[in-house]
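Structure, as structure tokens:
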Amino acid sequence: MKEELVKLIIDSGCIKFGHFILTSGKESNYYIDIKSLITNPKALKLIAKMIKEESRKLGIEYDKVAGPELGAVPIATALSLETDKPLLIIRKKKKEHGTGKLIEGEISPGDRVLLVEDVTTTGGSVIRAAKILKEHGAEVVGIFVVVDREEGARENIEKEGFKLYPLVLVSDLFEAAGVSKD
């Protein structure tokens, strides 16, 4: 399944070269434009199936699936449908209108939540989401990411007491594509 995902990422043209500013604020000579992948039903089904299988193999039990907006929402939705587990969406900022929620979906103290993300660089966005879930009494039992750029996310996430499970490492992508990230 991993090889199939790597091929889909490459064939979807998700690896872009040039000058980019990442969400983390870091500058990079490449960008993983995962949005074209996570709007593809075939890719979403594969990603959801992989996360379901990997979490089962690792013995990770969870009650709910969560993802920070925007990139992780399609992934979390696909996983929610694949597993029949309720979905939580973590907003970037609290709504200024309506209910003013930071988390969409029903969350209760003691919920075991599997958090998903599209791409990690330093892990800042997903750490923020994990802390919000924790503040609401949930236990984040694992964080799955489609692509880890291998730029400190794993270490930063583990420093905060969470565990990162990448489906694909950026080095896997460059190796399969036969290119150097430098």
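Here the Cβ of each residue, glycine as well, is placed from N, Cα and C on the backbone.
Database features, via Swiss-Prot:
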type: BINDING; residues: Arg91, Lys92, Lys95, His97, Glu117, Asp118, Val119, Thr120, Thr121, Thr122, Gly123, Gly124, Ser125; note: 5-phospho-alpha-D-ribose 1-diphosphate binding site
type: BINDING; residues: Thr121, Arg149; note: orotate binding site
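Swiss-Prot feature annotations superimposed on the structure.
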residue: Arg91; record: 5-phospho-alpha-D-ribose 1-diphosphate binding site; Cβ within 10 Å: 14
residue: Glu117; record: 5-phospho-alpha-D-ribose 1-diphosphate binding site; Cβ within 10 Å: 28
residue: Val119; record: 5-phospho-alpha-D-ribose 1-diphosphate binding site; Cβ within 10 Å: 26
residue: Thr121; record: 5-phospho-alpha-D-ribose 1-diphosphate binding site; Cβ within 10 Å: 22
residue: Gly123; record: 5-phospho-alpha-D-ribose 1-diphosphate binding site; Cβ within 10 Å: 27
residue: Ser125; record: 5-phospho-alpha-D-ribose 1-diphosphate binding site; Cβ within 10 Å: 22
residue: Arg149; record: orotate binding site; Cβ within 10 Å: 25
* **Cα-Cα distance linking Arg149 (orotate binding site) and Val119 (5-phospho-alpha-D-ribose 1-diphosphate binding site), given in Å to the nearest integer** => 7
* Asked: Nearest to Arg149 (orotate binding site) in three-dimensional space, by Cα, is which of the binding-site residues Glu117, Thr121, Ser125?
  -> Thr121
